[in-house]
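The ATP binding site annotation in TrEMBL covers 128-132, 191, 236, 292-296, 320-325. What TrEMBL records for 11-98 is domain 'Phosphagen kinase N-terminal'. Per TrEMBL, domain 'Phosphagen kinase C-terminal' is recorded for 125-367.
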């Protein structure tokens, strides 16, 4: 597995057929898009800093992906990558971000007061809540392509900016090179620090070069506001705390992030942003807001359901293991977060993680499926049905019973839970099932 990009101009001595990668067994967005014709069109181009098409795609070539999980398969080396290699990135972005077109414009909303509710996710099931984003400093190449000097300059800028924060955000920077292995591992186990560079995606893209040089973590005194420096992006800004008060986590995130952005801007180093792609980041999956709002939540029953993956997909949610990407769920504890980053605002994406309407507590699942409920299981059932043939709709909430399909649409959180006293089969219907049982 390469630790850096090794492409050079000698490749142009060979024909396209001789250089085109074998993508026949790959399942990622890059492989889906990159035809031999497109490869020939783009392979001779490079950005002003020297990033090439082969640099973009190497991580996707080396990592074919999972048969059932579509990865992205390409990265940007600088802000210009998204335009110079637009023939690749535009269709990848469209595919990954639900049809987002080159003419579309991104929107942003960091006014935390626009998030209504979300302060009462059940702590019996939601173990912790976090919101994170990435930021790139304009004028510097991104981690897959930056030099040692650039990386160290980004670290120095970040230390100066972060050390000027006050109040609830006052904190300290801890460089990785000064930590013992035990100290690093403890921070990783506590979900404060990024993992050591073992991910094949990280290694193949060149982001792990010179590790741990100029990498580190800054956090406030309460360890509720953190900034990772020079991991996958220049900065990863994180707000987190135990329990289910997503509203407070989001408030701290918005306020702290805007303070950091203002400090960088005053120092003459604004973050990379444009009206089409929003905030420019290394991975196309993070373009737009870069926001991943998530909860660590216990799902002992739902996680065993055959349609668990489909349920999350329908809700535009994604799951990771307890320790994040490429980890297993320990004790049925999953990291559930929003799948969308581009085309919707930070507030809208936070809402997608926690169903905050009408005081509903938590992530809600609605899916069309058949199923079987066992004795003692508790479930809330709601559906929407036509009130008359004209097609107008009304909300219908009934106790559990034998149900049948009748053009149900997505439900609203407006029903009480019922306990099953005898096993019975649920036919094809639109189920509303809280990811964790309703409060008694």
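Keep in mind that glycine also has a Cβ here, set from the backbone N, Cα and C atoms.
Structural mapping of features recorded in TrEMBL.
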| residue | record | CB count, 10 Å |
| --- | --- | --- |
| 128 | ATP binding site | 18 |
| 131 | ATP binding site | 26 |
| 236 | ATP binding site | 22 |
| 294 | ATP binding site | 26 |
| 320 | ATP binding site | 18 |
Counts by DSSP class (helix H/G/I, strand E/B, coil) across the domain 'Phosphagen kinase N-terminal' (11-98)
44 helix, 6 strand, 38 coil
For the domain 'Phosphagen kinase N-terminal' (11-98), the mean pLDDT of the predicted model
95
